[in-house]
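Take a look at the structure below.
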Amino acid sequence: MESLLLFIAILSVATVRCESLVRSVAASNRTTFTLRNNCRYTVWPGTLSGNGVAVLGGGGFELAPHAVISFSAPPGWSGRFWARTGCSFSNNAAVGPKCATGDCGGALNCTLGGTPPVTLAEFTLANRANEKDFYDVSLVDGYNVGIGITALGKLPKGSSCGYAGCVSDVNARCPPELRVKKRNTTETIACMSACEAFQTEQYCCTGAHSVPRSCGPTKYSKLFKAACPSAYSYAYDDPTSTFTCSAGTKYLVTFCPSGATANAAHFRPRLPGHFVHH
């Protein structure tokens, strides 16, 4: 009887250790995203999963100037982050948009994408350790807030990650025909894509312009590209806009990055203390 009890006790300990190991391995396979607000104003980041694998950060939250927040995603997660501006969620009973830009159906916790014009940080994470993550910053839906993506820390062996995104503010150089202005002011708060503004095949890469050879850069996409040289400025802007990293890489998504942000990406900056969201 004593031998049986001893065997049961040993089996129980082994089971607990095994479960702990499984949890540890599962946690180590997750990808950490850190979002930093480098803007002088509050933003309300939105998050949206493209494949339903997981909802990150509850779908949306408030991020004060210079604030930082982190959360993790499971292998195979695919989705996007963006910044919303000029939001007010004090009257949840009111119908309609709650944000001046990037609104997602009037909700704090997004289940829909951001309303254009909106800048997007897009990721598709690897399913397995020997695969690659893909990421980009896209201005195809227009621009509201600059975004930069940087790989953090010591990169996995074989990684060749690049800085994706902006080095200056598109809104400051947005032509009059693309400007979205703050209500009752002359302040430009977003810049429409030429597709959204003019709805033509040439600018939308549709119809007779639906393939890369017939849909090239325009004067408007070149303007976007000047401010965000490593971001998608139009639908077929792939060669300078899509980046890969080895599975397990940690990423920093910065709102309102600067040229210094892009330069610092080469040094893998260590972040100050920040709140970690689980």
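Cβ atoms are placed via backbone N, Cα and C, with glycine included.
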State the disulphide partner of C245 as given in TrEMBL, choosing from C161, C166, C174.
C161
Mind checking which of C39, C87, C166 has the disulfide with C99 in TrEMBL?
C87
According to the record in TrEMBL, which candidate from C18, C39 pairs with C256 in a disulphide?
C39
Member of C110, C166, C174 annotated by TrEMBL as disulfide partner of C228:
C166
Residues near C228 (disulfide bond) in space but at least six apart in sequence (CB under 8 A):
V137, L139, Y143, G146, G165, C166, V167, S168, V170
Given the disulfide-bonded residues C39, C99, C195, C245, find the one whose Cα is closest in space to the Cα of C205 (disulfide bond).
C195
Cα distance (Å, whole number) from C245 (disulfide bond) to C87 (disulfide bond):
34
